[in-house]
Amino acid sequence: MEFDTIAAISTALGEGAIAIVRVSGDDAVEKVNRIFKGKDLTEVPSHTIHYGHIVDLDTNQVIEEVMVSIMRAPRTFTRENIVEINCHGGLVSVNKVLQLILAQGVRLAEPGEFTKRAFLNGRIDLSQAEAVMDLIRAKTDRAMNVAINQMEGRLSKLIGRLRQDILETLAHVEVNIDYPEYDDVEEMTHNILIEKATHVRAEIAKILETSKQGKILREGIATAIIGRPNVGKSSLLNSLVQEKKAIVTDIAGTTRDVIEEYVNVRGVPLKLIDTAGIRETEDVVERIGVERSKEMMSQADLVLVVVNYSEALTNEDEELFRAVQGKDFIVIVNKTDLPQAIDMERVIELAAGNRVITTSLIEEQGIDELEKAIADLFFEGTIDSADVTYVSNARHIGLLTQAGKTIGDAIEAIENGVPIDMVQIDLTRTWEILGEITGDTVHESLIDQLFSQFCLGK
């Protein structure tokens, strides 16, 4: 496949030691060589780095001191010639280098276009391409490992094997229908077809079993910290984040807005939401914060309910317990360094079988137990991202669910005695749906939409 030559800044914009401008295309080396003062880049071997300067051809002025990496097709990310220019970080210098490259007839790359070319040129499939963005956005080591496994093709291989099984079954059916006189080909009976289709459905279900945990590792657990004012919600957030992100004071109602922070809890990414203290209030600003807190609580995957060990339960406390019924929640009884005034038996009763953990955040007690409880709740205490192929992408989960239903329709049709040639339709559709995961049967408009979500220069 032939494309024009593209370029973009591949590092984050801002001040830094190094910035990288990436160029990809058949004539990438020749275009960069025009503005490079140093070795003739068209003569150097592939996968080598060269020192020199970028020069403005109009003024013959040296613009930047650079190191240039030359990587020749097909052993590159895009399977095209790639040049990467390492220059000093900073908005002015790196943008000037980019502008000089574009002046040589190179086009500014669209978001995700380098990865899109890697896909279109057969370097990676669509699920591997999507994993590139997952790797960039990974919040924990576990999430990073899941993305790397997908980039290396672990999910692709599973899907490929399923599609091959279906294809072989379809071919067998075709031979039976078109060439019934062939005695050396086993007859595809309803029983054999049910066995093969059931195997495919079971494998799809097995992959989908990892989807809840996979989605958590990819997107995090939306976790709302709720409680009356001054029970220690912001202190809990700070203890988990291990930095002073929220303002902590002894004045009730200090947190008037919703504070969000990602935190790594034993490999699980938590999107922590510290909410304004929920209570009746006449303060307009505080009341807005309270309403937003209630909204965030309803959207959360996990709720941490904080109550005060040194105070008796109030009607507001009990109302919070009623509000979280039906959700995953953990109760934190904070301030155990103070004299007890709370009725712990009542707390356990209101928790309705959910974990109750006592803490003294000021003395840094109870956080380890809380982190373990969170990991136990969602992963039964273990996360084996190295050996398990997690499916974490919502698009993949949707397609696998759809494929499972379609193959289920095929099994039902076979059991009801529908002619085998009619069952082919559902089998073929299942094969096509699974192909959408890897990009083998996907529409071009979807490809464009997926890659438009990537960052520029990737």
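Cβ coordinates come from backbone N, Cα and C, glycine included.
Swiss-Prot lists Arg22, Arg123, Lys458 as (6S)-5-formyl-5,6,7,8-tetrahydrofolate-binding residues, and of the candidates Glu64, Glu84, Glu152 the one it assigns to that same site is Glu84. Spatially, by CA atoms, the binding-site residues Asn230, Lys233, Ser234 include one closest to Glu84 ((6S)-5-formyl-5,6,7,8-tetrahydrofolate binding site), and that is Ser234.
Taking the C-alpha atom of Arg22 ((6S)-5-formyl-5,6,7,8-tetrahydrofolate binding site) as reference, the shortest distance to any of the binding-site residues Asn230, Lys233, Ser234 belongs to Ser234. DSSP assigns Lys458 ((6S)-5-formyl-5,6,7,8-tetrahydrofolate binding site) to coil, not to a helix or a strand. Listed binding-site residues near Arg123 ((6S)-5-formyl-5,6,7,8-tetrahydrofolate binding site): none (candidates Asn230, Lys233, Ser234; Cα-Cα distance within 10 Å). Largest Cα to Cα distance within the recorded (6S)-5-formyl-5,6,7,8-tetrahydrofolate binders Arg22, Glu84, Arg123, Lys458: about 19 Å as a whole number.
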